[in-house]
Amino acid sequence: MSHTVKIYDTCIGCTQCVRACPTDVLEMVPWDGCKAGQIASSPRTEDCVGCKRCETACPTDFLSIRVYLGAETTRSMGLAY
């Protein structure tokens, strides 16, 4: 089943989500939008198993990373209406 991994610009570049991912879906890439100078990226979403460990690991008040599971993707992102 296909999942969507969305990373928001509230990412603080802490790498917690990258370290929490058991399937190495995430990696850090250079970004000037935060003090850390990097942001999470999801180049391998086809390997996402939907465990949402990345969401749990995210320390920001508004989760900077969200995993939308298969059919819930369009509904959760507000695209189904």
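Every residue gets a Cβ built from N, Cα and C, even glycine.
Database features, via Swiss-Prot:
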BINDING   CYS11, CYS14, CYS17, CYS58  [4Fe-4S] cluster 1 binding site
BINDING   CYS21, CYS48, CYS51, CYS54  [4Fe-4S] cluster 2 binding site
DOMAIN    1-31  domain '4Fe-4S ferredoxin-type 1'
DOMAIN    37-68  domain '4Fe-4S ferredoxin-type 2'
Can you count helix, strand and coil residues in the domain '4Fe-4S ferredoxin-type 2' (37-68) using DSSP?
8 helix, 8 strand, 16 coil
Between CYS14, CYS17, CYS21, CYS54, CYS58, which of the binding-site residues has its C-beta surrounded by the fewest other C-beta atoms within 10 Å?
CYS14
For the domain '4Fe-4S ferredoxin-type 1' (1-31), what are the DSSP-based totals of helix, strand and coil residues?
5 helix, 9 strand, 17 coil
What same-chain residues lie close to the domain '4Fe-4S ferredoxin-type 1' (1-31): Cβ under 8 Å, and 6 or more beyond its ends?
37-51, 53-60, 62-70, 73, 77
Looking only at CYS11, CYS48, CYS51, the binding-site residues on record, which one has the least crowded Cβ, with the fewest other Cβ atoms within 10 Å?
CYS51
Sorry to bug you, but what's the C-alpha spacing from CYS54 ([4Fe-4S] cluster 2 binding site) to CYS11 ([4Fe-4S] cluster 1 binding site), rounded to the closest Å?
12
Starting from the Cβ centroid of CYS21, CYS48, CYS51, CYS54, which together make up the recorded [4Fe-4S] cluster 2 site, report each further residue of the same chain whose Cβ lies within 8 Å of that point, ordered by sequence.
VAL5, CYS17, ALA20, PRO22, THR23, VAL25, LEU26, VAL49, GLY50, LYS52, ARG53, VAL67
Determine which residues of the same chain, besides CYS11, CYS14, CYS17, CYS58, have their CB within 8 A of the center of the CB atoms at the recorded [4Fe-4S] cluster 1 site, and list them by sequence.
ILE12, GLY13, THR15, GLN16, VAL18, ALA40, CYS54, ALA57, PRO59, THR60, SER64, ILE65
Roughly how many Å lie between the Cα atoms of CYS58 ([4Fe-4S] cluster 1 binding site) and CYS21 ([4Fe-4S] cluster 2 binding site), rounded to a whole value?
11
